[in-house]
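Listed features, source TrEMBL:
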type     : residues               : note
ACT_SITE : C51                    : active site, nucleophile
BINDING  : C318, C464, C522, C525 : [4Fe-4S] cluster binding site
BINDING  : S365, D427, D428       : Mg(2+) binding site
DOMAIN   : 51-299                 : domain 'Glutamine amidotransferase type-2'
Amino acid sequence: MDSSSTSSVAPCSLNKCGTSECCKNRMVFPEKQYKEVQPKGNEVTGMTCECGVFGAIACGEWPSQIDIAQVVCLGLVALQHRGQESAGIVTSDGTSSKKMNVHKGMGMINNLFNDDAMKTLKGNLGIGHTRYSTSAASEMVNCQPFVVHTSHGALAIAHNGELVNCEQLRREVLERGVGLSTHSDSELIAQSLCCAPDDISEHDGPNWPARIRHFMTLAPLSYSLVVMHKDKIYAVRDSYGNRPLCIGKIVPISLGAGKPEDAQAEGWVVSSESCGFLSIGARYVREVEPGEIVELTRNGFRTVDIVERPDYKRMSFCIFEYVYFARADSIFEGQMVYSARLQCGRELAKESPVDADIVSSVPESGTAAAHGYARQSNLPFAEVLCKNRYVGRTFIQPSTRLRKLGVAKKFGALSENVSGKRIVLIDDSIVRGNTIGPIIKLLKDAGATEVHIRIASPPLHFPCYMGINIPTREELIANKLNPSQLADYVGADSLSYLSVEGLVKAVQHNKTQQNPIKAGYCTACLTGEYPGGLPEELSW
């Protein structure tokens, strides 16, 4: 963040701790520049994932023998952790620019896409989306993908992220006489692409790469997009690389563990994460680079353009993808997310050792880091909590009361592993701090003599306006209590976080890409340093 947009260090606005200790080394925004507002729609109850996008296209002769709708549906199931409010799939046979098959609605993917729905989605290419609302209410009208009908045919688009300057873009679109029926950023993007800028020549038909490039120059952050028109899919990632996107290759089932580069492609997929590739018979190929526009056709994929960010700006991949959002078997920067979380635990053990009998985790979010902590500290790992698999994530609950009830019914204690033990309990993050307390009480009621909490990420101090719903600063527990005070508040014998430096070191430990030009992380929610600066008005 530019120095001109900061002021001197001050205590948190609630000042419930009675001291400025919990606010040291943090920047506070002037009121005229920064206004904390609640998102439109449902009450925000905790840190929530953004969205997941997926696209697939068959190679060879069409109509394809590959059931593209099933491929997209299974791809979305693998991305269900990124959004659980609504989902949609749009397919095309690739021969007509006017007709697309659409099915979308509220709810979980397996409930939405039954046999009857899948029969309506025949096609040779398709895109899909699973959503957790950030910039618009959780309503049917905001379900993605969006389909708009242009003078050049139908255009479908699915979006992960949040446009930081969406109010400015909205005004520009409205001033061109275009009507908007929702508050969704995705519809805004779709309408922006429909209107070609004056300097683009389109005598031979629409130049979608040029239109996409023009949009990207207007909107620097934050998005990964899949755009479908007739027989092509465009995969787009913002020039900061804030949101993830990767490409996979559908290979013959007979390939087994063979090298995917040696096999003939049966199709191509693009996804927010690679975690679902093996389940659909695909293999990870590479990430979409920051600023890259990739065109996928029945003949393969190619880079059609790259929109560079300013020279003085670094790549800003969301570091909380490693910490919290992504599935452990996904690949970012050439490394599996699980290995990065394991290394977070190792760094945490170096920074905050404790004399204890066993190391354990809050399943499953802290398990990888707990194994890393145990290996680094030479302490045995043991499970101490039994999770009820039929209770959803607590952050999905629509109210604080239901979320607290959710904690009570979500875990049971393994008393034989707990009784008489000093436990180091690892979790990936603390947001409001109202879920860890009941867990500590559960363990101590089961006979634990000590419970030491170690958090495998730094404390959250700031909201995010790039596609993740993190509560306002007043709601974030790290702005109210320092670690010692928080330990007292939740009933822990001690509590420590991983440092920002330790987190960055951990996620870089096993990465294969070491080019500093192609490196960098967004730590805005931890440090207040936003990659694109702060917009004049946040549009949550």
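Placed from the backbone N, Cα and C atoms, the Cβ positions cover glycine too.
TrEMBL labels come from automatic prediction, so no person has curated them.
For the pair D427 (Mg(2+) binding site) and the residue listed as 'active site, nucleophile', the Cα-Cα distance reads 23 Å. When the alpha carbons of S365 (Mg(2+) binding site) and C464 ([4Fe-4S] cluster binding site) are compared, the span between them is 21 angstrom.
In sequence order, N242, I319, F320, M466, I468, I470, T523, A524 are the residues of the same chain, not among C318, C464, C522, C525, whose CB sits within 8 A of the CB centroid for the [4Fe-4S] cluster site. As a whole-number mean, the pLDDT of the domain 'Glutamine amidotransferase type-2' (51-299) in this prediction is 91.
Each of Y324, S361, V362, G366, A369, I426, S429, I455, A456 belongs to the same chain as S365, D427, D428, is absent from that list, and has a C-beta within 8 angstroms of the C-beta centroid marking the Mg(2+) site. Other Cβ atoms within 10 Å of the Cβ of S365 (Mg(2+) binding site), summed over all protein chains shown, number 19.
It is C464, among the recorded positions C51, C318, C464, C522, whose Cβ has the fewest other Cβ atoms within 10 Å in the structure shown.
Counting in whole angstrom, the residue listed as 'active site, nucleophile' lies 14 from C318 ([4Fe-4S] cluster binding site) by their C-alpha atoms. Rounded to a whole value, the Cα-Cα separation of C318 ([4Fe-4S] cluster binding site) and D428 (Mg(2+) binding site) is 15 Å. When the binding-site residues D427, D428 are compared by the number of other C-beta atoms lying within 10 angstroms of their own C-beta, D427 comes out lowest. For the pair formed by C522 ([4Fe-4S] cluster binding site) and D428 (Mg(2+) binding site), distance between Cα atoms is given as 17 Å, rounded to the nearest Å. Taking CA atoms as the reference points, D428 (Mg(2+) binding site) and C525 ([4Fe-4S] cluster binding site) are 15 Å apart.
In the shown protein chains, 25 other C-beta atoms lie within 10 A of the C-beta of C525 ([4Fe-4S] cluster binding site).
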